[in-house]
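Summarising the annotation, Swiss-Prot assigns domain 'ATP-grasp' to 109-306 and lists sequence analysis as the type of evidence. As annotated by Swiss-Prot, ATP binding site applies to 135-190, with the evidence given as sequence analysis. Per Swiss-Prot, Mg(2+) 1 binding site is recorded for 260, 273. According to Swiss-Prot, the feature Mg(2+) 2 binding site maps to 273, 275.
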C-alpha cells in the first residue's frame with residue numbers, strides 16, 4: 001500500500017460482486033479474491049451482491065466507496081456506474097460512457113475505425129442477413145460473437161461454408177446484436193492497464209485442440225499457456241502497449257482495464273475489444289501481468305482502489 005495512504009482513509013468499502021449477468025460465477029470469484037486481498041491489507045471491505053441487495057443499502061450501510069468486481073450487463077455496461085454517480089459514491093474503473101461503449105464491441109470498433117486505429121473487418125448480423133455473402137466478403141474462418149457479452153459467451157469460430165447462420169443463431173441467444181469478425185491468422189495478446197500505464201503484454205496460447213481462447217480456456221482449463229513477457233522485440237512490445245493505451249483512452253477509459261488485440265503473420269496489429277472491468281480470478285490476466293511488473297495481487301487491488309480517493 002502507498003506510504004501516504006492508510007487503510008482508514010478508504011473508509012467502509014463495498015466490493016460489488018455477483019450480479020445478474022451471464023458472467024455471475026466469474027464475478028463471484030473475482031469479487032471474493034478482491035475482498036480477501038483488501039481485508040488482508042486492513043481495509044474495512046464487505047461483499048455486496050446487487051442481485052440480493054438493494055442499492056439503497058449502500059447508503060444505509062454508510063459505505064464510502066465501491067470496488068466494482070461485476071462483469072457483464074448491469075455491472076460493466078454503465079448501468080451500475082450511473083447509479084453510483086447518482087448516489088454520489090466513488091467507484092473503481094471507468095465511468096458511465098466508457099463502460100457502456102466498451103461493453104458494445106460493435107460501437108467500440110466503429111470508434112476505433114473512425115479514429116484510424118486498426119481493427120479487423122466485420123459485419124453485423126440479423127435473421128435477415130445474407131449469410132453466404134457475408135462469408136464471401138469476410139472469408140473463412142469468421143468469429144461470431146454477441147456484441148454485448150464478455151468471457152467469450154456465445155462465441156463461435158466458423159470454419160466451414162454454410163455454417164455462419166448456425167453460429168449467428170447461437171450468438172443471438174445471448175444478444176440481439178451479433179458481430180461477425182474477420183479471422184486474423186497470428187498471435188493473440190492482451191494488455192492490462194492500470195492508471196496511466198500499460199502492463200507487460202501477455203501472449204495467449206490455447207491448447208492445440210481449442211479453436212480459440214473461449215470460456216473454457218479462460219476459466220476452466222489449466223493447459224492454456226500464458227507467455228509474459230510475450231517474447232517480442234522491445235520496440236514492438238512498446239508499440240503495442242501504446243496502441244492499447246490509445247484505444248482505451250479513446251473510449252474514455254480510466255482507472256484500469258484490459259485491451260485485447262492480435263498481430264497477423266507480418267506483425268500488423270488489430271484491436272479486438274476492451275474490457276473495463278476485467279476478471280480478478282486465479283486465471284485472470286491483469287493480475288498475471290502485474291506480477292511480472294513487480295505488483296502482487298494485494299498491491300494491485302489497493303492501487304485500483306486508491307484511484308477512488310480523488
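Every residue gets a Cβ built from N, Cα and C, even glycine.
In this model, the domain 'ATP-grasp' (109-306) carries an average pLDDT of 93. Rounded to a whole value, the Cα-Cα separation of residue 177 (ATP binding site) and residue 260 (Mg(2+) 1 binding site) is 20 Å. For residue 260 (Mg(2+) 1 binding site), applying a Cβ distance below 8 Å and a minimum sequence separation of six or more within one chain yields 188, 189, 190, 191, 271, 272, 273, 274, 275. Counted within 10 Å of its Cβ, the other Cβ atoms near residue 177 (ATP binding site) come to 19, all protein chains included. Under the three-state DSSP scheme, residue 135 (ATP binding site) falls in the helix class.
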